[in-house]
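**Student:** The structure that follows is given in the form of structure tokens.
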């Protein structure tokens, strides 16, 4: 850890392409991330469109909320356990096994969907798919500090995370195209999911190219403690991750911003799904309209990948996070217009702001949290990331009208962003009042 503190400007990074050229393990890890998140986009969009935009099925706000919960809650329920296990198991092996298990489960989900089964059966299998994917997603962030030099960590985190988000968006776009090819009914949706299984297998094959142990964890774990029967420590993963996050004020502040952004994102997602299906263009926009909003969000996230390293280097992490939250607050006010063109532009800006907050948080966790706790902290972030989103969607489903037009809900999002600005500023003051070495001493006592 540098002596200048978590908010100090960092040195300008060298070009990303040169870093990837010089570090083949980093390039391989990026490949695993891209394949994993491309498969995730294929699966989530394939399943989501099968429930929301399938002519054979009808989706109310509550149905949409249930579908989103099924897709995301495994990240929250399994994340703490995944983090604890990732701090014990060879992460290379986790990538191989988890990708293969995920592929098998996706095939099973495709078969259930194609058979015309009800939502309950589909959601049960989808829950298992999300659980397997959680091990891969948590491991990718925890492994990054093992394949890149510390001075390049912030820049490489921005590049890999945002390219991964782009791969997810590309996977979702591919799902829409395959849906047009295979058909929009249950059988066609099952075919889309089967393609996601193939991509997951490719991710497992690429993972075999890593040398054993190169992805961490650093410390040696006795054979008995590598067993999943070591539930004592596994069950404590979430608590350990939360404590490690609290000991690093920059991490706590970033997680606060991430949590609020995900709540507002949940509000907006449900409103936009309903607006594009029932209100805009007399309900004819449908999937194409929602795809336009999702594409604008992805563009904003790509801009964030370029902007964040320079903003952190010149302004520091605190000012970067606060600036992103202020931008998001002002942009959220434009959602009150309920105008489709305005919402597309707002989606791009909110995508940028949210990704800046997320990347700043990732950098704080990778720089300020020791390796033996890093997997647990990332798992805690994943749980926060998805619990807040699902909770927000569930709340919105209870209050939003059937067509999604809810100005009070949009205004509530702006208020939450304003509260987050104040909270982040106050939390960052802990970096000025905490005596040097306190966090390190607390970690050492663990």
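Backbone N, Cα and C define each Cβ position, glycine as well.
Annotations per TrEMBL:
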type     : residues : note
TRANSMEM : 64-86    : transmembrane segment
TRANSMEM : 93-115   : transmembrane segment
TRANSMEM : 121-147  : transmembrane segment
TRANSMEM : 159-182  : transmembrane segment
TRANSMEM : 188-206  : transmembrane segment
TRANSMEM : 285-310  : transmembrane segment
TRANSMEM : 322-350  : transmembrane segment
TRANSMEM : 383-402  : transmembrane segment
TRANSMEM : 408-428  : transmembrane segment
**Student:** Take the C-beta pairs under 8 A between the transmembrane segment (322-350) and each of 159-182, 188-206, 285-310, 383-402, 408-428. Which stretch has the highest count?
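**Tutor:** It is 408-428 that shares the most Cβ pairs under 8 Å with the transmembrane segment (322-350).
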**Student:** With an 8 Å cut-off on Cβ pairs and a sequence gap of 6 or more, do the transmembrane segment (285-310) and the transmembrane segment (121-147) reach 3 or more such pairs?
**Tutor:** no
**Student:** Any chance the transmembrane segment (188-206) and the transmembrane segment (159-182) are in contact, meaning at least three CB pairs closer than 8 A with a sequence separation of 6+?
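**Tutor:** As far as Cβ distances go (cut-off 8 Å, pairs 6 or more apart), the transmembrane segment (188-206) and the transmembrane segment (159-182) touch.
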